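> Take this structure, written in structure tokens, and hold onto it; I'll ask about it next.
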Amino acid sequence: MTTQRSSGLLQRLVQGSLVKQILIGLILGILLALVSKPAAEATGLLGTLFVGALKAVAPVLVLTLVMASIANHQHGQKTNIRPILWMYLLGTFSAALTAVVVSFLFPSTLQLTTGATDITPPSGIVQVIHGLLMSIVANPIHALINANYIGILVWAIGLGFALRHSNQTTKNLVNDLSDAVTFIVKLVIRFAPIGIFGLVASTLATTGFSALWGYAQLLLVLIGCMAIVALVINPLLVFLQIRRNPYPLVLTCLRESGVTAFFTRSSAANIPVNMSLCEKLNLDRDTYSVSIPLGATVNMAGAAITITVLTLAAVYTLGIPVDLPTALLLSVVASLCACGASGVAGGSLLLIPLACNMFGIPNEIAMQVVAVGFIIGVLQDSCETAINSSTDVMFTAAVCQAEDARLAKSALRS
């Protein structure tokens with residue numbers, strides 16, 4: 001009888017909600033880190049394997065899905081990419097503006113020391129744009145190997161349009177290939193609880209949070225900005241699209257996309273998770289197969305917050321006065337920098353010197369600010385990725401649902 005009960009419990013755990021399984025993995029990871037540090041460090045391999053599997057399958061998934069959706073696209077069918085792109089840009093700018101307001105209300109200062117990183121940041125916005133343009137014309141094999149999603153998108157779109165003129169057998173083959181890759185992705189995602197367990201246990205065992213206490217106020221400002229954007233600004237933008245209570249959708253995206261992104265700390269690795277959630281929400285495949293990988297490269301609200309908050313912290317530390325027009329200009333610059341973050345090694349942190357340059361802050365000091373960013377990266381990068389990645393699904397779903405509602409109203413009127 002006891003054996004039957006235990007096997008029944010195990011079966012419910014295995015076949016139950018993935019979110020609940022991830023929560024169990026999270027709790028077990030914390031407990032293991034508290035009980036045995038060496039064992040927790042050893043489980044880091046599970047997390048590394050999970051993130052590696054997601055990163056490996058994501059480029060192929062994007063290529064096949066986009067190629068298949070465009071190749072099989074019916075003439076006259078609407079994909080809603082333009083309004084989604086506008087929401088991405090508006091969301092990123094709103095996040096930067098929020099960070100400016102919060103930084104004005106709660107100014108933070110830094111303890112600057114000697115530079116702690118030898119990574120070379122881009123010298124200006126021209127170099128960022130140059131990097132993005134070079135990503136567009138990248139070799140397709142190199143783009144797949146290096147997970148260059150801008151290059152992958154360009155090649156997938158080009159091949160998709162070319163395959164529109166092929167016979168139906170070829171189109172079916174491309175579609176079947178896309179379905180096969182999607183099946184592998186679903187298989188990988190089922191291992192998320194084990195991966196999260198390994199990531200949480202090893203992170204707590206190796207780094208802990210003791211190094212973060214010295215930057216408590218800065219972290220509170222950063223995470224506070226991200227919380228405001230996630231729970232106030234984004235729901236407002238979603239409401240303007242769907243014209244009803246946005247929180248069921250917002251909380252679903254945060255729970256099923258944001259949690260995974262928080263622990264993997266990779267928008268690229270979270271693309272398969274987002275694709276799976278879009279399918280679960282019954283969104284238009286032609287739309288989300290393009291908007292999700294596009295969002296992973298240009299929808300960077302979290303990055304805009306990081307760039308703005310750390311730049312203003314450096315400004316306050318050095319006693320540089322900031323007026324309202326300059327703060328607004330910083331919001332624009334931070335938004336542009338954030339959109340280019342995917343094309344820069346080191347992401348948003350390495351674009352801080354570019355924003356600091358607005359205030360005449362020397363590169364040596366700006367790189368010290370970057371070093372602070374790396375110190376708080378355990379939380380900063382996790383929260384940033386969670387808000388970036390969950391917003392990709394959120395805005396895609398909002399636009400798709402708004403379009404479905406519009407079509408339903410039109411059908412009723414006619």
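In case you wondered, yes, glycine gets a Cβ from its N, Cα and C as well.
Keep in mind it's a predicted model, so treat the numbers as computed, not measured.
Dumping what Swiss-Prot says about this protein:
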| type | residues | note |
| --- | --- | --- |
| TRANSMEM | 16-36 | transmembrane segment |
| TRANSMEM | 46-66 | transmembrane segment |
| TRANSMEM | 84-104 | transmembrane segment |
| TRANSMEM | 143-163 | transmembrane segment |
| TRANSMEM | 180-200 | transmembrane segment |
| TRANSMEM | 219-239 | transmembrane segment |
| TRANSMEM | 300-320 | transmembrane segment |
| TRANSMEM | 332-352 | transmembrane segment |
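Give me the lay of the land around each of these features.
If one looks beyond the transmembrane segment (16-36) by at least 6 residues along the same chain, the residues whose Cβ comes under 8 Å of a Cβ in the stretch are 43, 189-190, 192-202, 204-205, 255-256, 259-260, 263.
Taking Cβ pairs closer than 8 Å, the transmembrane segment (46-66) reaches residues 143-144, 147, 149, 152-153, 155-157, 160, 174, 177-178, 181-182, 184-185, 188, 191-192, 194-202, 263-264, 266, 268-273, 275, 285, 289-290, 293 in its own chain, all 6 or more past its ends.
Note on the transmembrane segment (143-163): residues 55, 58-60, 62-71, 73, 132, 135-137, 170-171, 174, 268, 271, 290, 293-294, 296-297, 342-343 of its chain, located 6 or more positions outside it, place their CB under 8 angstroms from a CB of the stretch.
The list of residues near the transmembrane segment (219-239) in space but at least 6 beyond its ends in sequence, with Cβ under 8 angstroms from a Cβ of it, reads 87, 90-91, 94-95, 98-99, 102-103, 106, 108, 212, 245-247, 249-250, 254, 258, 301-302, 305-306, 309, 313, 376, 379-380, 383-384, 386-387, 390-391, 394-395, 398.
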> List, by number or range, the same-chain residues at least 6 past the transmembrane segment (300-320) whose CB is under 8 A from its CB atoms?
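Non-local partners: 91-96, 98-100, 102-104, 107-110, 112, 218, 221-222, 225-226, 229, 234, 330-331, 334-335, 337-339, 341-342, 347-349, 351-352, 355-356, 358-361, 365-366, 369, 372-373, 380, 383-388, 391.
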